[in-house]
Each structure stands twice: as C-alpha cells, then as structure tokens.
Ligand code: F6R
C-alpha cells in the first residue's frame, strides 16, 4: 500500500527520499513521486513507472533540496495516473503526501471549490493540501503547524501525512491518525516514513508516533504535539536490526528467498524456547491466561488461515473453546460478547486496517484480554494489546506471505501448549515431546525444501491449467486453503479449497479430467477417509497431485502423482505441508511469467479498508 518518506537535513535529501521509496516498493504501488523545496519553491517529479525510473527522472530534472517528501501510491481515489500521484501541491505553496482515506473528502472538496481552489487530481489527498493552505491563509502568523493542527481537526478517516510549505524552508511536518508514521532521528537531519525499513541505513534511532501525534522535524530536532496540542516526549528507540536483510541475495524473487529462509526463522523462534511458560507471551500473560475461558482469533488472508489451523490445536491440545473469524466480518456484525474470551489478533504487519479495527471494536465491546501475534515490533497491534508475541520472521518483502505464516503457526502452537499446560491438559512428557519436535522442525523443513525439483515438475503441468482444486482434512484443511490462496495470488490460476469430506456435497461436479486436484495426505487419523475421497476424484478423471508423507502408502500411477515428504510430523505436520504448496505456487507463477513479488492488484500491507 502507499508509502511515505520525508526528510530535512543539512545536505541534499533527494537520495534519501528515492532510496526510501525503493525500500518501500515491496508494499505495492502504482505511481510514485518526490518533491523538494528548491530555490524557494516546491518542485516535484511524479511517475507511473517504477521507482528506478522516477530516480532517473529526478536526476534529469536536477531536483535537489534540503527538505522534501516522497510517496509510493496505491490508488484508492482516482486512477493510477501522474496527476493523481503524490506529492500533491496546493497553489505551489504546500507539498503533501498522504496514506489512508479521507471519508469526508466530498463535502470538503465542494467547500474548497467554493473558496476558489482548483482541483487538479481526483484524489482525496488534494482536499488536505488545500485545506492546510486555506487554514494557513486565515491565520495571520501563517504558521504551518497551526494550520496542520486546525485542518486535521476537520478530517474524518484514517491517515498519515507529511507536508512542507514554501515559506518554512527548515521544517517538514508529519501527522498520524490511523496509519503508521515513524520518525528517524539522524545526526545531521531528521526523517520520517510510514515504515522504519524505508530509513534503514539513514537513521539509527526511531520514534514511533502515537495516534493523533503531529511531529515537526527540523535539522535541530523533533518537536511532537499530541492530538490536544500539548507538547509530548516519545521514547527514542534504537533501530531493530534484523539479520534477515531486505536484500535479494542469490534468489530470483523475494518470495523464493523467504520460502528458503523458513528453517532459519523457525529455528530462531523455537531454539530460544526451553520450556513452555506463559512468559513467552509477555510478563502479564500468566494472570491474563488464568482469567480467560475461551479464545477469539481475528485475522485476514493468510494470517486468518494460520488462526484457523490453530483452532484445531487450541481445542485438541489445550481444550479451550476457540472461535476464529475474518476480521472484516467480525468488525461489522453484531456479536455476543464474552468478556472472558481473550481476543488474539494474528497479523504479519500489525497494521492491516480490518484486523486493527476488529481489535479496537472488540476492546470497545469489553474484551480487555488481548494478544497480538505479529511480525513487526512497534506496529499498531503490538501497541494496542495487553500481550504480545513477536514472530521474528524478519522483513517479509514478497506480497505473498510465506515465512510470516510458518512463524505464526509456531507461535500459535506454543500458545496451545502454554494454555494446555496451564489448564492441566499437557503433561511433562507431552511438553518434552513437543519441544523435541519443535527443535527438530528446521531440519525437517530443510528436507521438505529439498523436494523442490519434484515440485517444479508439478508446477509445469499446473501452469497450463486455468483452475485447481485443493483438498485437505482436519488441521490440513486450512493448509489447503492457504495453498489455494498462494496459487491464485501469484499465478492467477483460479483455485478453490475444500475439506475433502465436502466433495460429494458440491465440488465433485467440477471434477473432470481437466481438473488438477492437489490433495494433502499426511499419515494421520483421517488418512483412510481421505483415501476414499481420492478415489472419488480419480473415478471422475480428476488429475491427482498428492502430498503424502512417511507411511501414507499412496503410489504414483496414471492420473495420480505423489510427492512424499520424508517424515510424518504429528500435530506440527501443517508447518511442513504448507512448504511444498508455497513452492508449487511460486514455480507455477514463474512458469506463467507473472510478477511474483508484486502480483497485480495486491499490496503487501492492506492499511485501508
Ligand atoms: C497472502 C497475504 C495476505 C495477508 C493479509 C493479512 O499471501 O499476504 O492475505 O495475509 O493481507 O495481512 P497481515 O498478516 O499483515 O495482517
């Protein structure tokens, strides 16, 4: 989704701005732009091409300046054309970039038009720029901070902005309300961005703004006021450096790199766990866990599927009633509130608008026990919840989530063990066995990754198809859902997933000899049932692609292709079975020549509704 970078320094900031945009590219965008104050006036370059092209254009235009703002835009209001790209100007005096959506932009637009403002874009952003300009004109002091404060009071919606004005050449102002914004504190300048990663290499210390904060950045320092206009001090935090650098290295795509990082990130997540204790979820977890009688897991997309997998674990291992709901549904429906249910939000980014809103909604309804399972340390969800678990997968750049998913599963499995132990369902032997399995997971993942050549041959066949059906049973049903999501997201092959027991209730009608049916067939208690489902598919000519494991005893034959995972992994089997499905989606997408890391119409972090 949209990305913001801003800078004020004792040197030319154009390089910092374009490099920041480059680091934000992974989030998805359809246009980009940079503006600086040059020779006393805002100048900008905007493009509907990639950031690299923008950087060339910036050079050709000899753009330079010591204050500036930059943006990658993911279109919401107005088509992805240059006129709608940010920075947006107001009367060549105000330059502004914006993430989020202004809900009351229409009446404001009418009001500003009546005041003589001419709109040059279809964006809601232009309303903010003109509103700040107009408010500033009304104020004899012409103070940008005062104008921003007053203008923002009139906005409804969620946003983060960065803005500078022609007559205040020493400052950039940033504000957040619903969209993240972080300040990078440097020695010879100060910076801001919607994601700390944009500033890595530029700043070493960060201030994470709170909701409603407005920050004035100059070379001399950062001055922050809260939503009431009172000066506030926010903690300056040293940079969280992840050793999973956001560089591509020898891989063709970030998604491939991230799939192959899974043994390492899972090792990081499991090696430090020597015993199962509530402290894994923070210092207050013991008390909170003792006060709950059930769980409500809220998430979107891939994170929803990890939550769905966890339901099987939480109910079977911990014996705790667990509900899982898509965040965008939960936030708008009337639900029956059980204040003793702990709300668990699962999110890679910690900023997904629907999940965040669902969390706030749950809190308003009276859920005071909340836990975030999240991959971004200072994200909104991590800051709004009572308990936190950092999945520690490192930056995930590919839009399609992979390593974030497997580390979420590890976290949720640990949650099931912890609650199980607290509730007397997990014995010392159970705990020791589970820890042994967790510690062996990285090695098991490596042996699954070694199956890649076999998966490539499946992908070559799948790349020629328009549809695919995924089947799983029990705890592997959500893994089938995740496999189908991965495939459609990046290869654009239409894919659906069903619990295999549902076949006869409808989906069997679409099975013909043209239909690839990818079936997850671990050697678990449901295997015999699944084998009958496989027969049903084969009898209709369906082309079976079976992911078996040790002891499954399904052989390859005409119309049935089998890849056998080396081990059966008991309850943790979903963490192994998802990996071939990630690779299958990846190689199918490569064979179809799609933009794997930036699939069409999708963004990495969905910060708008
Ligand atoms: C799929 C994918 C999305 C995200 C979803 C939630 O590969 O990446 O479905 O899982 O947008 O995002 P987070 O986990 O950041 O809340």
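Each Cβ is built from the backbone N, Cα and C atoms, and glycine gets one as well.
Note that the structure is predicted; figures quoted are calculated from it, not measured.
As given in TrEMBL:
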ACT_SITE  2  active site, nucleophile
DOMAIN    2-220  domain 'Glutamine amidotransferase type-2'
DOMAIN    285-425  domain 'SIS'
DOMAIN    458-599  domain 'SIS'
ACT_SITE  604  active site, for Fru-6P isomerization activity
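It is 2 that, of the active-site residues 2, 604, has its Cβ surrounded by the most other Cβ atoms within 10 Å. Residue 2 (active site, nucleophile) sits 10 Å from residue 604 (active site, for Fru-6P isomerization activity), taking the Cα positions as reference. The domain 'SIS' (458-599): residue composition by secondary structure is 69 helix, 32 strand, 41 coil, according to DSSP.
Looking just at the domain 'Glutamine amidotransferase type-2' (2-220), the mean pLDDT is 93.
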